[in-house]
């Protein structure tokens with residue numbers, strides 16, 4: 001961290017100095033050969049007298065300084081850059097002092113040497129910190145620190161930001177003419193949000209751990225909203241005034257950073273990255289940076305493969321022809337160069353070769369792989385297993401361009417990222433002045449309603465407590481356990497999924513009573529649904545074929561032994577054309593995920609049987625290393641996985657990595673299962689509403705005494721003993737109709753004909 005801060009200062013100094021040198025100290029007429037240079041002297045070869053050397057194009061130092069002094073705008077820019085560099089220098093000095101204190105704390109208090117730090121997992125560092133609190137009580141306000149307390153201290157402001165994005169408080173979605181709804185969130189805009197709300201002058205927090213008391217009272221909310229509006233206006237005006245300077249810096253920094261990469265690898269601009277908005281939208285409450293990075297890293301390949309599965313036939317034809325013509329010209333130029341290297345001395349010949357190479361690389365990215373199998377539903381399900389969040393309307397619509405465009409907001413091209421950062425200095429002032437300023441009252445209400453004080457921690461976002469009773473959503477397995485209104489509920493099941501993620505990642509954490517009830521209810525439902533699902537042995541018996549069909553690699557990674565389970569058709573939803581996935585009687589996606597999760601539970605009486613249930617999921621080369629453990633971090637009683645870690649250092653590191661992979665796999669299964677159950681609950685609610693709108697006489701005439709009809713979202717009647725499962729594929733056949741046979745209605749029968 002010290003080196004990063006130091007080299008940021010060096011980079012800033014280099015960019016300013018080098019740019020000034022290029023603008024004032026280079027004679028470009030000589031460099032480009034527009035003005036002849038004649039070297040005279042007895043020692044100069046007559047053949048070299050007209051040859052241009054690099055020193056010929058560089059002005060002497062005194063001429064260079066004269067040019068700089070004669071330009072007032074360059075002097076002004078250098079002064080502003082110097083002021084900013086001094087500000088950064090002061091900030092870096094304070095940060096280095098803080099980093100040194102952290103270093104000493106690790107060495108003296110936690111007993112971790114710097115050469116050993118890279119071999120420690122976060123859980124081990126956290127355990128030492130909790131033990132230190134018990135011994136020395138470094139936090140005087142409470143006797144013991146919990147894992148959640150530590151996360152709250154580290155992620156105080158990030159939890160607020162994640163919650164505001166989840167509740168659509170921050171204006172990151174813009175409605176533009178002809179473009180529709182676009183997501184715009186850049187580093188500069190995020191920096192301004194944090195400056196205004198958390199740590200800048202006039203922010204809502206009076207220090208790093210406490211919200212100002214006046215924002216906790218509802219009596220003067222209008223006055224506080226006006227005050228915040230003025231602060232936002234001043235920030236917007238300041239951004240507008242500094243826009244030219246920041247824009248120049250962004251252009252120069254982007255040029256120095258990406259020009260060489262683009263020349264060497266033109267296809268790198270077509271690579272994708274998780275957008276800044278995507279990192280906030282997909283982030284759990286109380287999820288550290290390295291945990292988020294690891295999770296999104298696992299989801300990168302499935303997401304990239306899903307995005308690349310959409311190919312335009314028109315663009316493919318155009319790309320093939322452009323690549324053919326460009327390649328033909330490039331081949332001729334290369335052949336001429338091989339025959340006679342003097343061809344390279346022809347003006348712009350190197351430029352032509354470079355441009356043609358870039359064109360060929362770009363056009364090939366639009367040509368789809370002829371061996372690719374288009375399985376959008378399966379790929380999107382695999383993406384869900386790692387990112388854990390997706391809108392409800394994506395299910396069954398994975399083959400739609402609208403779904404792809406929405407995922408592109410989370411998983412954007414690198415070229416789009418660079419372009420957004422370049423235009424950010426221009427767009428950010430207008431977002432602050434015309435959008436964020438009008439949300440001042442909503443922001444004030446948000447911080448007042450969703451801030452709680454925790455002893456020994458300070459003020460935190462109440463969503464970060466993952467309180468099911470206060471912020472749960474009844475459609476996400478918390479029905480009957482939550483008292484939250486629609487305003488208090490977290491969107492997309494973030495409270496429930498965050499609670500499961502934190503519980504799995506921190507197995508020693510003891511949840512509060514309401515959270516424990518939710519986890520117990522979820523475990524019971526998993527056991528119930530597992531009874532109707534396929535056995536784990538059946539899932540794994542067909543897994544190798546499914547891996548070869550759907551995986552991103554030819555072999556399953558040994559670091560993720562449950563990857564083969566994720567790629568199984570039962571978990572991938574409707575993937576086999578020979579089955580009618582709209583009417584699955586028993587084996588649904590939810591029950592398949594529940595079957596695998598239940599196989600990890602500690603319901604068996606003996607430790608040996610518990611170990612056997614895990615070994616069915618382990619590759620043979622990993623069973624021995626976990627033979628002393630008795631199962632999943634969540635489903636085994638008494639936290640036996642963590643407590644049984646007592647082997648040699650090498651074995652400890654190997655088991656820690658393997659257990660972290662299993663925790664990640666377990667959370668992936670929970671994400672799939674909870675999304676499926678949420679979809680079933682939503683379907684049931686809509687079916688109930690549709691059924692309630694049917695006249696009573698029609699209900700009585702269309703249902704026999706021994707059968708209850710249920711309605712699916714497409715208004716098709718299906719027997720209640722069948723479960724809707726999987727992701728509903730697009731119907732290739734004509735829609736089915738329900739025709740009530742008048743002759744059969746007298747006896748109460750229902751007839752379904754196509």
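Cβ atoms here come from the backbone N, Cα and C positions, even for glycine.
Keep in mind that what you see is a predicted model, and the values were worked out from it rather than measured.
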TrEMBL annotation of region 'Disordered' - which of the ranges 574-601, 602-629, 630-657 it falls on: 602-629
Candidate ranges 49-69, 70-90 [criterion: TrEMBL lists as transmembrane segment]: 70-90
Feature region 'Disordered' in TrEMBL, mapped to one of the ranges 673-713, 714-754: 714-754
